[in-house]
Amino acid sequence: MMMTSVQQLAQSILNDRPTFQAKLGIILGSGLADIADKLTDSISIPYAELPGFPVSSVEGHHGKMIVGYLNKIPVVCYQGRIHLYEGMHANDFKLFIRTLKYLGCRAVIMTNAVGSLTKNVDAGQLVLISDHINLHPMNPLTGPNDEEFGPRFFAMDDAYDPGIRHIIRQAAKQLSIPLTEGIYLSVLGPNFETPAEIRAFRQWGADVVGMSTVPEVIVARHCGLKVAVISVVTNLAAGLSKEPITHEGTVHFAAKASHHLGRLIEASVVPIAQQFSAQ
């Protein structure tokens with residue numbers, strides 16, 4: 001049987017460590033790449049060196065895959081993600097996520113930088129995503145379905161896994177890290193939202209807004225990966241503050257919050273991995 005591009009890519013990544021089998025994937029968003037420094041016995045591979053792999057052009061996204069161990073758990077960490085506004089296509093998101101599946105991952109923890117739709121949740125705070133509202137104009141699964149990965153039609157009721165969210169909440173409590181839960185609204189970008197849009201989003205029930213993540217969540221759920229998303233609030237959304245919203249500010253405040261986020265992820269990976277071992 002002919003190998004798929006995803007299989008070939010996964011095999012090329014593991015050429016130097018054929019016995020490595022990841023349990024978790026971690027995707028780091030804007031300004032959060034330093035969390036990958038916590039990995040041990042790791043190898044770093046620039047996206048540009050991976051055949052056919054999409055490469056991000058956005059500041060704050062290092063564009064590297066780190067294969068190694070976090071708190072002794074084998075993980076694959078993406079330093080930087082891709083965005084639809086960069087001109088990416090459906091196949092880019094499929095390859096980005098399905099590679100994690102072929103490397104052995106059972107779940108993926110994603111992080112991102114978001115704007116808050118309420119003054120009660122300010123810059124630097126962490127938000128555990130419980131659901132999303134998708135305003136992206138393109139679904140990454142558009143086109144012929146690949147039955148190898150999942151069915152044509154599938155539910156998104158528990159897109160953000162309740163069990164993993166419980167583990168992350170417990171870890172935050174033990175570490176005394178403030179953590180709220182909320183609904184993520186994803187827009188295309190790259191422009192920031194207008195005050196009128198923000199007022200509408202709040203009426204729809206959204207708590208935070210960003211320009212990424214949902215395409216990856218859709219592909220991950222399609223291929224059976226469990227998902228958790230932790231957002232870092234980097235600014236109040238348009239109309240809620242007199243401070244101008246800039247990408248530089250996003251990267252700055254995300255980097256400041258990365259210490260707490262790194263501790264939270266590091267504490268969560270062991271019980272998450274144990275959950276799969278018990279199944």
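For all residues, glycine too, the Cβ spot is worked out from N, Cα and C.
Annotation source TrEMBL lists domain 'Nucleoside phosphorylase' at 23-268.
Take the CB of ARG81 (phosphate binding site) and look out to 10 A: across all protein chains shown you find 25 other CB atoms. In the three-state DSSP reading, ARG81 (phosphate binding site) counts as coil. If you look up TrEMBL, you'll see SER30, HIS61, ARG81, ILE82, HIS83, ALA113, SER212 marked as phosphate binding site.
Following the DSSP three-state reduction, the secondary structure of ASN235 (purine D-ribonucleoside binding site) is strand. Residues or ranges marked as purine D-ribonucleoside binding site by TrEMBL: GLU193, ASN235.
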Would you mind ranking the binding-site residues SER212, ASN235 by how many other Cβ atoms sit within 10 Å of each Cβ and giving me the lowest?
ASN235
List the Cα distance (Å, whole number) between SER212 (phosphate binding site) and ASN235 (purine D-ribonucleoside binding site).
16
Local backbone state of ALA113 (phosphate binding site), from DSSP in three classes:
strand
Count of other CB atoms lying within 10 Å of the CB belonging to GLU193 (purine D-ribonucleoside binding site):
21
Filter the binding-site residues ARG81, ILE82, HIS83, ALA113 down to those whose C-alpha lies within 10 angstroms of the C-alpha of ASN235 (purine D-ribonucleoside binding site); answer none if the list is empty.
ALA113
